Every structure is written in structure tokens, then in C-alpha cells.
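Chemist: Quick one: the structure is below, questions incoming.
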Amino acid sequence: NLLQFNKMIKEETGKNAIPFYAFYGCYCGGGGQGKPKDGTDRCCFVHDCCYGRLVNCNTKSDIYSYSLKEGYITCGKGTNCEEQICECDRVAAECFRRNLDTYNNGYMFYRDSKCTETSEEC
């Protein structure tokens, strides 16, 4: 769920999802259009695509289990939806960590109206 995803992001990056990732670029936060602005925004694009492949799953509220050991997130057992949501969130949180050095404060609270390029396919 969203609270778990926020916790995962904090554990991986040291940053809170809000404000650092909730409204970043063209894809972080609700919806998305255009081309991802940088590596961090691409993490969100891939996360959106991952969620988009999940059928009949409540990505915002399904509670999953995971553990953090020696800096690695491991998703636990649960329903098919819970396990898949956890994997989508884990991959995104790790992607955010890999892209910390290119995080651009100029893309925080970025306006959707600036995301006018043709959207990519998942």
C-alpha cells in the first residue's frame, strides 16, 4: 500500500516520498504523460507500467509483507496481488536509490502542462 511504499522509499533513499517523489517530473505521483524527464522520473514510469499490468489488485491499499536485511528489500509471501505489488514497489524504491545522484530539485512539483512530448509505451 502507499504507506508501505513510502517506508520502502525512505529506507532506500533516506528521503520521504512526500515531497521528494510524490509530484516529481512527469510520472511520479498520480497519472503521467509525456517522456520521463530523468532517471528518477523513469523509475516512476516503470512503476506505473508495473502497476498497470496488475489485474484486479488494489495497489493503493493492499497490505503486503517485506523485510529489509543488510540493505536489501525482500518481499514476503502473500496473495498473488500482494506479492506483485510489493515487487513493483521494491523495484521502484531501489531505482530511486540508484538515481539519487541525478535527482533534480527542479523537477519537484513539476507541472503536467510541461509534459507535452509523445508518451512512451510500457
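Keep in mind that glycine also has a Cβ here, set from the backbone N, Cα and C atoms.
What you see is a predicted model, and the numbers here were worked out from it, not measured in a lab.
Quick paste of what Swiss-Prot says about this protein:
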- His47: active site (ACT_SITE)
- Asp89: active site (ACT_SITE)
- Tyr27, Gly29, Gly31, Asp48: Ca(2+) binding site (BINDING)
- Cys26-Cys115: disulfide bond (DISULFID)
- Cys28-Cys44: disulfide bond (DISULFID)
- Cys43-Cys95: disulfide bond (DISULFID)
- Cys49-Cys122: disulfide bond (DISULFID)
- Cys50-Cys88: disulfide bond (DISULFID)
- Cys57-Cys81: disulfide bond (DISULFID)
- Cys75-Cys86: disulfide bond (DISULFID)
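Help me see these features in their spatial surroundings.
Modeler: The Cβ of His47 (active site) has Tyr27, Cys88, Asp89, Val91, Ala92, Cys95 as same-chain neighbours under 8 Å, each 6 or more residues away in sequence.
Packing around Asp89 (active site) is summarised by its Cβ count: 26 other Cβ atoms lie within 10 angstroms of its Cβ, all protein chains included.
Taking a C-beta cut-off of under 8 Å and a sequence gap of six or more, Gly31 (Ca(2+) binding site) has these contacts in its own chain: Asp112.
A coil conformation is recorded for Cys115 (disulfide bond) in the three-state DSSP classification, outside any helix or strand.
Look at Cys44 (disulfide bond): DSSP puts it in a helix. Within 10 Å of the C-beta of Cys44 (disulfide bond) we count 23 further C-beta atoms, all protein chains included.
Using a 10 Å Cβ-Cβ cutoff, Cys43 (disulfide bond) registers 25 neighbours.
The secondary structure of Cys49 (disulfide bond), as reduced to three states from DSSP, is helical.
Neighbour count (other Cβ atoms within 10 Å of the Cβ, all protein chains): 23 for Cys88 (disulfide bond).
In the three-state DSSP scheme, Cys57 (disulfide bond) falls into the coil class. Just so you know, the Cβ of Cys57 (disulfide bond) picks up 17 other Cβ atoms within 10 Å once every protein chain is counted.
Long-range neighbours of Cys75 (disulfide bond) (same chain, six or more residues apart, CB within less than 8 Å of its CB): Tyr64, Ser65, Tyr66, Glu83, Cys86, Glu87, Arg90. Mapped onto three states, the DSSP output places Cys75 (disulfide bond) in strand.
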Chemist: Give the distance between the Cα atoms of Cys115 (disulfide bond) and Cys81 (disulfide bond), rounded to the nearest whole Å.
Modeler: 31
Chemist: Between the Cα atoms of Cys44 (disulfide bond) and Gly29 (Ca(2+) binding site), what distance do you get, rounded to the nearest Å?
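Modeler: Each residue's Cα considered, Cys44 (disulfide bond) and Gly29 (Ca(2+) binding site) end up 8 Å apart.
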Chemist: Based on Cβ atoms within 10 Å, give me the single least packed residue among the disulfide-bonded residues Cys50, Cys115, Cys122.
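Modeler: Ranked by other Cβ atoms within 10 Å, the disulfide-bonded residues Cys50, Cys115, Cys122 bottom out at Cys122.
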Chemist: Excluding Tyr27, Gly29, Gly31, Asp48 themselves, which residues in that chain have a Cβ inside 8 Å of the centre of the Cβ atoms defining the Ca(2+) site?
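Modeler: Close Cβ neighbours, site residues excluded: Cys26, Cys28, Gly30, Gly32, Cys44, Phe45.
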